[in-house]
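Copying in the features that TrEMBL gives for the protein in this structure:
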type	residues	note
DOMAIN	A:23-288	domain 'NADH:quinone oxidoreductase/Mrp antiporter transmembrane'
DOMAIN	A:290-343	domain 'NADH dehydrogenase subunit 2 C-terminal'
TRANSMEM	A:56-76	transmembrane segment
TRANSMEM	A:96-115	transmembrane segment
TRANSMEM	A:152-171	transmembrane segment
TRANSMEM	A:178-196	transmembrane segment
TRANSMEM	A:202-220	transmembrane segment
TRANSMEM	A:240-258	transmembrane segment
TRANSMEM	A:278-298	transmembrane segment
TRANSMEM	A:319-343	transmembrane segment
Amino acid sequence: MNPHAKLISSMSLIMGTSITISSNHWILAWTGLEINTLAIIPLISKSHHPRAIEAAVKYFLTQSTASALILFSSMSNAWSTGQWDITQLNHPTSCLLLTMAIAIKLGLVPFHFWFPEVLQGSSLTTALLLSTLMKLPPITLLLLTSQSLNPTLLTFLAISSALVGGWMGLNQTQTRKILAFSSISHLGWMIAIIAYNPQLTILTFALYTMMTTAVFLSLAQIKVLKLSTMLISWTKTPMLNATMMLTLLSLAGLPPLTGFMPKWLIIQELTKQEMTPTATIISMLSLLGLFFYLRLAYHSTITLPPNSSNHMKLWRTNKALSTLTAILTATSTSLLPLSPLIITMF
Amino acid sequence: MLKIILPMTMLLPVTLLSPAKFMWTNTTMHSLLIASVSLHWLTPSYYPLKNLTPWTGTDQISTPLMVLSCWFLPLMIMASQGHLQHEPHERKRMFISTLIIIQPFIILAFSTTELILFYISFEATLIPTLILITRWGNQPERLSAGIYLLFYTLISSLPLLITILYLHSKTGTLHLPILKLTHPNSPTSWTTLLSSFALLMAFMVKAPLYGLHLWLPKAHVEAPIAGSMLLAALLLKLGGYGIMRITLLTEPVSNFLYYPFLTLALWGALMTSSICLRQTDLKSLIAYSSVSHMGLVIAAGMIQTQWSFSGAMILMISHGLTSSLLFCLANTNYERTHSRILILTRGLQPLLPLMSVWWLLANLTNMALPPTTNLMAELTIMIALFNWSPPTIILTGIATLLTASYTLYMLLSTQRGTLPTHITTTPNSNTREHLLMTLHIIPMLALILKPELISGTPL
């Protein structure tokens, strides 16, 4: 992509995110969201493949609809309460509309249909941006208004996201779609706890971003777009495949890896709030996700020679591993003993 | 505690940094040293908890299992030398590292007094075991074996996590000694019933209980020898140990809760022993015999009397040693013929007479011959169950009979009879294998002389 265009797009992304996160006024928050939407469109469609163009159009349409709904909810709140403060969202219709709008923006069920296809149409790095950076402004808005939102609705969104994210991911062979459904399921976990302890949502989001970035960067390093490629990619970087297995199992939430920490803390908070059935349902649904993470782990490392060698092997590359991937992989597998420290950071 | 945990964790750098010539020697020797130092834990005392740190404490229930797990690491390393000898050096290193990574977690699981740390260590043993089974197993079925292992364990242990956290929100602490003191529970509410059920299910799947045991034959059969030894000797005992610790949290006893588990455990002992008589796969036979013995452990754990806990402890230790010994023997067969089929590896006594001594001893201890500790355990459990309810003697008696019959079947099939015609040459048993069997048998024979060490009661 043209370096100037890339510069403008990335700067706009950073600007849009910063505007939304740091704003007090609804109009400014909406502005930041729109800047983000517009800035990432060229990044999605940069390969000019028909699927990429379609992904860009789907992304634009859904996100604009959601932004318009956010604007409408803030305006109706301003009409009835006379102020545009984000944290003072008091009108019930506005709260409902905002929840739905953010659900569309984030890709929560039942508004998740755009997300896998948009991720599939973009490159791995853009998919990373879509899964992590583009989720930050909407979650910030939810965090700021979390005290006035309807907990039942949020719980419903959470459980159905965990359900659909786990279930639909089972039949996928394209890694980007698998990671899309993993993102939907993790977002469900984040939304489950937002009404009771927003710090845990921030913690879950931060840890999820770290682990997903590690996975996406590892996949981008070995250019693995589907499961069959992953099966033969171990010759390129055997160590990366082995550590990717651990990062994937961390995403699945297995102790003693880092991914267990958000699940543990969320279940603790939910049981404290007397929502034990919700905690049980959402944790059992995360086992569905475990199946496809395990299948990814099997493909990346576990089915290795001398057990299965009847396949064409890819050439080993000499590309040095990026330090960022190494750091993120290390943190996303070994941070659990530091949980007391990490909780205090959020 | 640290004098064991730190050296055990440092075994990992030993493996990764040893020169290739000395890797096996270093790891085996250092793990043997750790095992011998760990024996001091067995000194009995009347104190409720010894070796106290803020997060661990040992008593007579946990120390035999911890000593067993320390003892097994050198044995697993020795047993794996055979099938790994042709692998590149890096892969051997990775294998031993996987074995070493499990050890601190098992020690933590058996010694911790904090329930969340217990949960984390309990689950943490799963990933390295999964790697052992699916990465180093030999048949394509190992993939589904790994999935069964992971999913059976996790489906039952997530409710355990939730119930532990629910306990935390109700009582404010998860420290076992304090939980022992502050635990009023209304015996008739649904919440109590469900929470007791959830607390127990994870260990029932691990132990395993008869209806939930499907992961075990798959995992044991597909695992390499170190994986089978690990599973049979240690990970199953996590289930038994968990039952013994958790049942103090499910007081007062509700009959609704315990009848299903007792019934399934005792009936399962019968059923799995009968299945053993019809097995064609040697490792599968030994796996089902594990289910049978652990069924007795679960039954003893459910009735919660002093004798039954004592019997369960002795049975866990003796079954661990016996089952692992049988798996090692089956592995010597497998390494020679690359087949686990019983009738293909029969009549070995004329070929390998020294190994047949170990086969004889292993099978004699498996069928609970006097004066082995297996017999002491089974008798203690049978008597405790008889005291609780006389009709159980029928089930336990038939289970003992069937155990003896399938063990005899295994012994006679592998050792006696005509040699199969396709075995023309067999490498002789080497010293490493004899050493392995010796190191299994010597604790068993020594414990005959002082079974109080593993009986879970202070002297």
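Cβ from N, Cα, C; glycine included.
TrEMBL labels come from automatic prediction, so no person has curated them.
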Is the number of Cβ-Cβ pairs under 8 Å between the transmembrane segment (A:202-220) and the transmembrane segment (A:319-343) three or more, considering only pairs separated by 6 or more positions?
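Taking Cβ pairs at least 6 residues apart, the transmembrane segment (A:319-343) and the transmembrane segment (A:202-220) are in contact, with 3 or more under 8 Å.
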Where DSSP helix means H, G or I and strand means E or B, what are the helix, strand and coil counts for the domain 'NADH dehydrogenase subunit 2 C-terminal' (A:290-343)?
33 helix, 0 strand, 21 coil
I'm a bit unsure how to read this: which one of A:96-115, A:152-171, A:278-298, A:319-343 has the highest number of Cβ pairs shorter than 8 Å with the transmembrane segment (A:240-258)?
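It is A:319-343 that shares the most Cβ pairs under 8 Å with the transmembrane segment (A:240-258).
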Short question: most Cβ pairs under 8 Å with the transmembrane segment (A:278-298), which of A:96-115, A:178-196, A:319-343?
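Between the candidates A:96-115, A:178-196, A:319-343, the best contact partner of the transmembrane segment (A:278-298) is A:178-196.
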On the 0 to 100 scale, where does the mean pLDDT of the domain 'NADH dehydrogenase subunit 2 C-terminal' (A:290-343) fall?
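Across the domain 'NADH dehydrogenase subunit 2 C-terminal' (A:290-343), the average pLDDT comes out at 83.
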Please report, as numbers and ranges, the same-chain residues at least 6 past the borders of the transmembrane segment (A:178-196) whose CB is under 8 Å from any CB of it.
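For the transmembrane segment (A:178-196), the sequence-distant neighbours (Cβ-Cβ under 8 Å, at least 6 residues beyond its ends) are 106-109, 112, 115-116, 118-120, 127, 131, 135, 139, 142-143, 146-147, 149, 151, 154-155, 157-166, 168-169, 172, 204-205, 208, 212, 215-216, 251, 262-263, 266, 269-270, 273, 275, 278, 282, 285-286, 289, 292-293, 296.
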